[in-house]
Amino acid sequence: MPPGRWHAAYPAQAQSSRERGRLQTVKKEEEDESYTPVQAARPQTLNRPGQELFRQLFRQLRYHESSGPLETLSRLRELCRWWLRPDVLSKAQILELLVLEQFLSILPGELRVWVQLHNPESGEEAVALLEELQRDLDGTSWRDPGPAQSPDVHWMGTGALRSAQIWSLASPLRSSSALGDHLEPPYEIEARDFLAGQSDTPAAQMPALFPREGCPGDQVTPTRSLTAQLQETMTFKDVEVTFSQDEWGWLDSAQRNLYRDVMLENYRNMASLVGPFTKPALISWLEAREPWGLNMQAAQPKGNPVAAPTGDDLQSKTNKFILNQEPLEEAETLAVSSGCPATSVSEGIGLRESFQQKSRQKDQCENPIQVRVKKEETNFSHRTGKDSEVSGSNSLDLKHVTYLRVSGRKESLKHGCGKHFRMSSHHYDYKKYGKGLRHMIGGFSLHQRIHSGLKGNKKDVCGKDFSLSSHHQRGQSLHTVGVSFKCSDCGRTFSHSSHLAYHQRLHTQEKAFKCRVCGKAFRWSSNCARHEKIHTGVKPYKCDLCEKAFRRLSAYRLHRETHAKKKFLELNQYRAALTYSSGFDHHLGDQSGEKLFDCSQCRKSFHCKSYVLEHQRIHTQEKPYKCTKCRKTFRWRSNFTRHMRLHEEEKFYKQDECREGFRQSPDCSQPQGAPAVEKTFLCQQCGKTFTRKKTLVDHQRIHTGEKPYQCSDCGKDFAYRSAFIVHKKKHAMKRKPEGGPSFSQDTVFQVPQSSHSKEEPYKCSQCGKAFRNHSFLLIHQRVHTGEKPYKCRECGKAFRWSSNLYRHQRIHSLQKQYDCHESEKTPNVEPKILTGEKRFWCQECGKTFTRKRTLLDHKGIHSGEKRYKCNLCGKSYDRNYRLVNHQRIHSTERPFKCQWCGKEFIGRHTLSSHQRKHTRAAQAERSPPARSSSQDTKLRLQKLKPSEEMPLEDCKEACSQSSRLTGLQDISIGKKCHKCSICGKTFNKSSQLISHKRFHTRERPFKCSKCGKTFRWSSNLARHMKNHIRD
């Protein structure tokens, strides 16, 4: 048989063959070593089930005045986007979808239904189906028994399609033409329609095919028109869209939510137009949970699919399907025939007699109430103890059960032990569908196993019995510890494959969850859900004390601590009369601002002892965190964690450098074997690089002029959060505390106001400068004492500030890096560039710099470029600090304030020059009143002049002992002290004398490292190096 004929003749087999081919392709890709998990394993086809779903939703959307035209138009655009998928499909594929839809719509009714049942994926496949059908009708004797669709592949169409299926069943073409055989759908479709959420029974939908006996209202005369039958079924099904469980799995969470919203909106619109009617089961399921609570695979009856079942067989198969399902609250329905007498449970009688009464009614009506009790188990009088033990959870021993219904209360089941099992409000509302009774029986059966000791489930590996299936599954997991899933990248093992899939996202950098509003991607669904709250503005966590709402639970907990701190401080006045534990004393001291622990070296105080131990690492140079890969040590855990991420990125780069997907990526433009770049975020305007994206965003505010932080007290804007916090502290200092220690109303600052006073009690004894904290005074005194507490452990060099030590230690780290890589990987780079302090060379003049930013600023001298431009007046500057100082003119901001006179200045250098006046005035006050400080200096200079009484050597020694006259030996004091021994020429400075002696000695100490030429002056060497750089 040709392939096209075979696909047309056996559409179900063709569809399942295509699915198996896709699964084999995906499995083959996973087994391949070059398979990249980042790429989606799901194939993109032209007619995916999700696309068909949203196509039907797009075509069947109804306009309603309550929604409004704008909302309806936006809903149509969203449905069309999910149907045509312009972000995935090409223009040709989108056109193919539109052409296929129009082609199917212009086909005759019988042909359209037949082609839709075969689910073609393109127009050519639909034409092939019609051509094969035409050949069969022209003269072949082959008869298609009908497409035996599997529930996982069959597409549940719209209400119009189901009406056409019903029409095709009653059509005379079934018996008079070969096309009728092709149009004959199997009975499983109608049974599945009923099980997928239809409120009518299959027998009610097919009255002519499956007549029932015993109920006069169920008989349908042959003369009854098909139009009347269709009018009875024209309800919510006309705008309803249903689908199989496999198709539901193809949809993501956004598509499922959109489907649920559209179905509920169509139901509300129909209810407002038609009037009140019975709520369909699909709507009930959508309001409760997902519409697919059933496994439709069990709905497929075995046997010959060609033979149409009778009404009894179909009812028996339906009952058997329902009884074999797990007890889900939203999955079962209770169907009662409209023509049968109402079945009810008598009040105050036993449940056993109630079921027997229902069994007797079965002889009169073949559609009894369906409950979760097997048909053969309804006759409880024939049950034995042995049978009950074998049946397990599916049997009910109703010996001690009474069905109670008290007027004004809910129904309940009562056990012999006195425990009641009541019907909840949700089940009570839907008790006419059988949910309430099923829920009571299910809960009662679980309780009954406790008394009877039934172990209805399987035995575990160790022989232990479990009464509940969930307990059995949990017990089996203890014996499957040996079965583990190992990560191929890092070797970590997991007990479940789903945990391994989540873990591998860390290596693949996959971000599968995307925000529907702004498009931002996330690695975890919880982070995406938390991010979407920003757009919706939902703040679910509300404080019951001040009614303030928060978006995150962590922020809510921090806010609750502020109330607890206020309460603790109120109780603090009674602290002497109460006995607290040491832990509470420590906690209360932390909240009240007490610093009980001091550092023995710098006298800095802290709240708790652990902070002191961490602080002392600065003095001891202890670095307890050591990297096992590069042997690098760190003082803080945060720096160690940030460093380990670099190794992870380097490992990820090495693993993927040979993959095709990463070869074409611009991120892999580095040479093979190169280490991971620490600074990966580049500023496009100034070229500065950063290690974090947040730091880059903060840096770009310099160019854009954005100031997102605004003070609520004075309205001033700030570009950085740190500057904003410092500014807010000034307002907190101005506020006066009321009634003892209290807290500011601002939640940003949770420190007592009493610690923010204008007093600066710590004063320097040498220069008179005052400070607020004692630690600041100790740091300041290093300027006078010359203390350098920060010492390099490798070379012994000492520094006054820790920042200078960190900058110096980079030299040693670069030296180690150069020793490891040698010069083979960087053959064109000189060793002194890697190991020296100045690593960045200017291509114009040959000058070197320690930082790349300084080099870029220096290049502006040659090019005349001024990169920093003011957005308000358009003035440009070559340095960033000059632009910042200039912008304060527009904002009238003067952040630098003199502590003596209160005068404010724009720049720090202006404040420094102003403070020198106060310093000179303070020194003049301490000096004798007869003469000023300048006169005193002149007098001391005159005393230190070299003369016959005081030789030159004694003059130099006296000058070196004076802290105020350090550079006196280089200042002209009337005589040139430095004399040349050869020619007798004298100079003011010794450096001038050394340079002069080179004329006599012909010394050329400056040598070019490239050509070997020597020079007497360094300026000549720098000028000579420019020639090599240009060449």
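The backbone N, Cα and C atoms fix where each Cβ goes, glycine too.
Note that the coordinates shown come from a computational prediction; the quantities given were computed from them, not determined experimentally.
As annotated by Swiss-Prot, region 'Disordered' applies to 1-43 (among others).
Feature annotation from Swiss-Prot assigns compositional bias 'Basic and acidic residues' to 17-29.
Residues or ranges marked as SUMO1 cross-link in Swiss-Prot (evidence: a large-scale study or a structure entry): Lys28.
Feature annotation from Swiss-Prot assigns domain 'SCAN box' to 55-137; the stated evidence is sequence analysis.
The annotation domain 'KRAB' is assigned in Swiss-Prot to 234-304.
What Swiss-Prot records for Lys317 (among others) is SUMO2 cross-link, and it gives a large-scale study or a structure entry as the kind of evidence.
Swiss-Prot lists Lys374 (among others) with the feature SUMO2 cross-link.
According to Swiss-Prot, the SUMO2 cross-link annotation covers Lys375 (among others).
The feature SUMO2 cross-link is assigned by Swiss-Prot to Lys399 (among others), with a large-scale study or a structure entry given as support.
Look at Swiss-Prot and you will find 485-507 (among others) tagged as zinc finger, backed by sequence analysis.
Per Swiss-Prot, zinc finger is recorded for 513-535 (among others). Regional average pLDDT for the zinc finger (513-535) in the model is 84.
Residues or ranges marked as zinc finger in Swiss-Prot (evidence: sequence analysis): 541-563 (among others). Applying DSSP to the zinc finger (541-563) sorts its residues as follows: 11 helix, 4 strand, 8 coil.
Sequence annotations record features per position, and here Swiss-Prot assigns SUMO2 cross-link to Lys567 (among others) based on a large-scale study or a structure entry.
If you look up Swiss-Prot, you'll see 597-619 (among others) marked as zinc finger.
Annotation source Swiss-Prot lists zinc finger at 625-647 (among others).
Here Swiss-Prot flags Lys654 (among others) as SUMO2 cross-link.
Between the zinc finger (840-862) and the zinc finger (513-535) there are fewer than 3 Cβ pairs closer than 8 Å, counting only residues 6 or more apart in sequence, so the two stretches are not in contact. Distant neighbours of the zinc finger (896-918): 760, 769-770, 885, 888-889; these residues of the same chain sit at least 6 beyond its ends, with a Cβ under 8 Å from one of its Cβ atoms.
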